[in-house]
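Straight from TrEMBL, the features:
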BINDING   Lys280, Asp285, Asp303, Glu364  Mn(2+) 2 binding site
BINDING   Asp285, Asp362, Glu364  Mn(2+) 1 binding site
ACT_SITE  Lys292  active site
DOMAIN    360-367  domain 'Cytosol aminopeptidase'
ACT_SITE  Arg366  active site
Amino acid sequence: MAKQAFSTHAPKKVTKDAALPVRGYLAELSLDKKLPKDIDALVLAVFAGEDSLELSGGELLDFIFNTEQQAEILRQLEAVGATGKKSEITRIPGVTGVGPVIAVGLGKAEELDDETLRRATGTAARSLKGLATVATTIGDLGLEAAVVGFGLGSYSYTGLRKAKDDAKEEKPTTIHFISTNKADKDVFVAAQIIVESVVLARDLVNTPSSHLYPESYSVIAANEAAKFGLSTEILDEKQLEEQGFGGILAVGNGSSRKPRLLKVEWKPRKATTSVALVGKGITFDTGGISLKPGAGMENMVSDMGGSATMLATIIGAARLNLPLKVTAYLPMAENMPSGEAFRPGDVITHFGGLTSEILNTDAEGRLILADAIAYASEDKPDYLLDTATLTGAQLVALGLRTSGVMGDGQFRDTIAETGRGVGEPAWAMPIPEELDEEVKSPVADIRNTTNSRFAGMCAAARYLQEFVGEGISWAHVDIAGPAYNTAGAYGYTPKRATGQPVRTFIQVLKDLSEK
Ligand code: BES
Ligand code: ZN
Ligand code: ZN
């Protein structure tokens with residue numbers, strides 16, 4: 001997309017080749033049989049032994065260092081107080097010929113799991129700034145986890161800056177994963193695809209709403225999908241009108257930046273199972289006429305995180321060549337207050353004909369999802385998975401990092417378990433039966449909020465449930481907290497956009513395709 005000065009009303013024309021204005025920084029990842037010459041640092045794993053530090057790396061380590069050199073490295077580490085506890089980073093001069101060593105603590109060897117490895121390597125990656133070439137033997141303990149940890153941990157987003165335009169592009173750090181195992185190539189490539197998928201979601205979410213609004217977002221997202229051979233279709237405001245997408249239109253109407261619906265399809269020949277992915281794409285959420293308080297409103301740049309997750313997931317599925325049919329339905333709108341905005345008390349007619357009474361225009365995500373879920377249901381998928389930065393109540397119930405998963409029992413539980421398995425915390429939550437009464441409206445089929453302060457996350461799920469077609473296994477994942485990190489960076493998770501839960505959903509699709 002061309003560079004654009006800020007403009008409140010008429011955004012610059014979106015061209016067909018629109019792309020993100022800037023992308024985040026990502027280290028280059030490489031798989032090597034030998035230790036490259038002239039590295040700036042070697043990253044080694046250390047364990048906390050019973051009463052002393054242990055170097056990890058077995059044969060691979062013997063390949064690089066003789067016994068004396070290994071003893072010298074241990075001596076240096078102990079001299080500066082390294083303990084080997086999880087994610088501890090220690091830099092030492094190392095030994096002649098190999099150079100500086102960065103030791104990464106992994107805790108007790110017998111307790112090592114993938115998440116410990118991802119977090120420790122992610123923490124290591126965040127300490128590599130300024131180094132051009134780094135090698136590591138840590139892949140030996142789990143190549144996929146190490147690539148994901150290093151890759152995701154290396155990410156940073158610095159946004160749009162004059163200084164960056166003027167300076168020459170900074171050369172990224174190259175991280176060489178040393179492996180002598182031939183079979184590692186496939187694991188490495190798949191892990192790289194996972195990293196790049198998560199990073200795509202992060203980049204989209206991090207992009208300011210001045211640059212990412214429904215029209216530009218739909219074209220940028222479609223172009224990303226098309227790069228990997230997926231087919232795409234964008235419905236503009238006229239087509240949405242003709243086909244009766246009353247939820248998307250009502251929410252988008254307050255903005256001069258008109259709404260869109262992007263459909264992306266991955267349809268491999270051998271597919272027998274079909275999955276619909278639906279993601280909330282509110283490019284900015286002011287609350288509309290039910291205006292949000294000012295403090296923290298800037299974080300609503302992340303309110304399209306659900307759609308970014310689903311775009312990244314379907315692209316990841318295609319790149320991994322997963323043998324199942326996946327279709328993503330991504331409704332996009334900007335929720336603004338204006339003379340054209342929808343109001344509390346309005347009744348809107350969704351795609352498919354169901355009506356909603358609006359009690360609060362800030363409960364807008366469910367309105368655009370309702371249209372998209374009804375639309376997706378027409379295609380009769382076996383599974384329908386939706387995700388959204390849907391409720392503040394998710395944060396109240398589960399905190400900053402844990403997604404709430406609701407929907408049909410078994411599918412819901414599978415998703416929550418899969419999430420925890422890949423290090424994206426998720427927890428199954430109910431849709432209590434008393435909510436059936438609470439979402440009833442005197443003037444429409446359903447209303448968009450209850451009158452109660454209780455179970456706000458579950459009430460949103462109850463609302464969405466109304467629009468899911470019969471016979472479809474459905475799950476809804478509320479990522480209000482997990483999608484966007486307003487606290488500090490930790491492990492492989494940066495500040496701002498996290499890319500959660502892309503890895504969960506790619507794993508879910510992988511498992512469904514192997515069923
Ligand atoms: N986008 C917000 C939810 C949100 C809150 C996401 C905090 C990330 C962090 C959503 O559209 C919203 O405003 N929901 C309301 C619903 C309420 C009016 C029933 C909420 O949670 O307050
Ligand atoms: Zn809202
Ligand atoms: Zn919202």
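Yeah, the Cβs are placed from backbone N, Cα and C, and that goes for glycine too.
Heads up, TrEMBL stuff is auto-annotated, nobody curated it.
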Lowest local Cβ density among Lys280, Arg366, which the record lists as recorded positions, within 10 Å: Arg366
Most crowded position, judged by CB atoms within 10 A, among Asp285, Asp362 as binding-site residues: Asp285
Euclidean distance between Cα atoms of Asp362 (Mn(2+) 1 binding site) and Asp285 (Mn(2+) 2 binding site), Å: 8
Listed in sequence order, residues not in Asp285, Asp362, Glu364 with Cβ within 8 Å of the centre of the Mn(2+) 1 site Cβ atoms: Val251, Ile282, Thr286, Gly287, Gly288, Ser290, Lys292, Met300, Asp303, Asn335, Thr361, Ala363, Gly365
Listed recorded positions with Cβ under 6 Å from ligand 2, out of Asp285, Asp362, Glu364, Arg366: Asp285, Asp362, Glu364
Cβ-Cβ distance under 8 Å to Glu364 (Mn(2+) 2 binding site), same chain, at least six residues away: Val251, Ile282, Asp285, Gly288, Ala333, Asn335
For the recorded positions Lys292, Asp303, the one whose C-beta sees the most other C-beta atoms within 10 angstroms: Asp303
DSSP helix/strand/coil residue counts for the domain 'Cytosol aminopeptidase' (360-367): 3 helix, 0 strand, 5 coil
Rounded distance in angstrom between the Cα atoms of Lys280 (Mn(2+) 2 binding site) and Arg366 (active site): 8
Using Cα positions only, nearest of the recorded positions to Lys292 (active site) (Asp303, Asp362, Arg366): Asp362
Cβ-based neighbourhood (8 Å from the centroid) of the Mn(2+) 2 site, residues Lys280, Asp285, Asp303, Glu364 excluded: Val251, Gly281, Ile282, Met300, Met304, Ala333, Asn335, Gly365, Ile368, Ala388, Thr389, Leu390
Local confidence of the prediction over the domain 'Cytosol aminopeptidase' (360-367), expressed as mean pLDDT: 99
